[in-house]
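Q: I grabbed these lines from Swiss-Prot:
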type	residues	note
ACT_SITE	His265	active site, proton donor
BINDING	His79, His238, Asp242	Zn(2+) binding site
Amino acid sequence: MIRQRTLKEIVKTTGVGLHSGRKVTLTLRPAAANTGIVYRRTDVNPPVDFPADPASVRDTMLCTALVNDEGVRISTVEHLNAALAGMGIDNIIVEVDAPEIPIMDGSASPFVYLLQQAGVETLNAAKRFIRIKKPIRFEDGDKWAEFVPFNGFRMDFEIEFNHPAIESDEQHLLFDFSSQGFVKEISRARTFGFMRDIEYLQSQNLCLGGSFDCAIVLDEYRILNEEGLRFENEFVTHKVLDAIGDLYMCGHAIIGEFRAYKSGHGLNNQLLRAVLADAEAWEWATFEEEVGSPVAFAEPGMVLA
């Protein structure tokens with residue numbers, strides 16, 4: 001059968017918080033079958049746990065943030081969550097000693113490397129997929145996102161940025177998910193922002209960790225990073241990365257096609273909530289044979305980078 005996965009060993013790294021600009025220590029710990037994905041703040045006493053759940057997402061203004069009833073939060077979880085989805089990790093404890101996950105280079109690639117460093121352990125329990133059974137759509141003005149039944153996990157995403165540096169023919173991406181495809185084609189895409197917005201946020205004491213090291217930065221006319229883009233469609237690819245992370249907030253791989261136009265963290269989360277709230281829209285699926293799986297995860301020992 002296709003089994004649940006966790007890490008072989010504990011791994012740790014440090015980085016900078018995007019909003020605070022301060023050093024953050026991130027620790028990833030193995031967890032038993034059916035634990036799920038749990039984010040944990042260790043700098044509060046007692047530590048506070050946030051199980052991966054779309055209902056825990058209560059702020060999507062600048063990132064995806066998990067917030068509990070007491071107002072304790074962990075921000076910027078989406079890139080790490082995308083790496084967990086990409087590597088097929090079902091059970092893990094993610095510990096941070098700050099209110100946010102470190103931003104690293106603004107992509108999911110450092111987290112993929114960290115997970116590969118820890119190694120992947122298969123557990124003696126069936127991996128549970130969420131299979132989409134009927135179309136569900138969520139709209140917000142001209143923006144929309146929808147799930148339709150599909151025997152695999154496909155992302156069909158379109159953005160619309162009227163900017164000289166963002167080519168009009170590089171604003172659409174169709175991606176059929178596999179671990180290998182995620183690592184090679186998606187994980188290295190960085191977040192992006194406009195210099196005017198970053199300057200304004202920093203004047204409000206936000207985005208203090210924002211820099212050319214962790215984002216693609218644009219002015220009105222061009223990309224300001226000396227090294228330019230990692231690949232031509234990096235902008236839409238990063239939006240797909242974000243969506244993979246946002247949708248994995250249900251803690252399970254999805255079998256279905258996600259289509260979106262100008263969607264962001266908020267819309268992705270609202271769609272996920274709408275799907276899970278409709279008992280006729282989805283069902284649990286497990287697979288006795290690896291060969292029969294519509295979603296391809298890499299073998300645990302395989303190096304993908």
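Including glycine, each Cβ sits where the backbone N, Cα and C put it.
Because the structure is a prediction, the values reported are computed rather than measured.
Each of the listed features needs to be described in terms of its position in the shown structure.
A: If you take the C-beta of His265 (active site, proton donor) and look for same-chain residues 6 or more apart in sequence within under 8 angstroms, you find Val57, Thr60, Cys63, Thr64, Glu78, Asp242, Asp246. In the three-state DSSP reading, His265 (active site, proton donor) counts as helix.
The local packing around His79 (Zn(2+) binding site), expressed as other Cβ atoms within 10 Å of its Cβ over all shown chains, amounts to 30.
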Q: Just to be sure I understand the packing, how many Cβ atoms besides its own are within 10 Å of the Cβ of Asp242 (Zn(2+) binding site)?
A: 24
Q: Within 10 Å of the Cβ of His238 (Zn(2+) binding site), how many other Cβ atoms can you find? Include all protein chains, please.
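A: Step by step: centre on the Cβ of His238 (Zn(2+) binding site), count other Cβ atoms within 10 Å, giving 26.
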Q: Through the lens of DSSP with three states only, how would you label Asp242 (Zn(2+) binding site)?
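A: Note: Asp242 (Zn(2+) binding site) is helical by DSSP.
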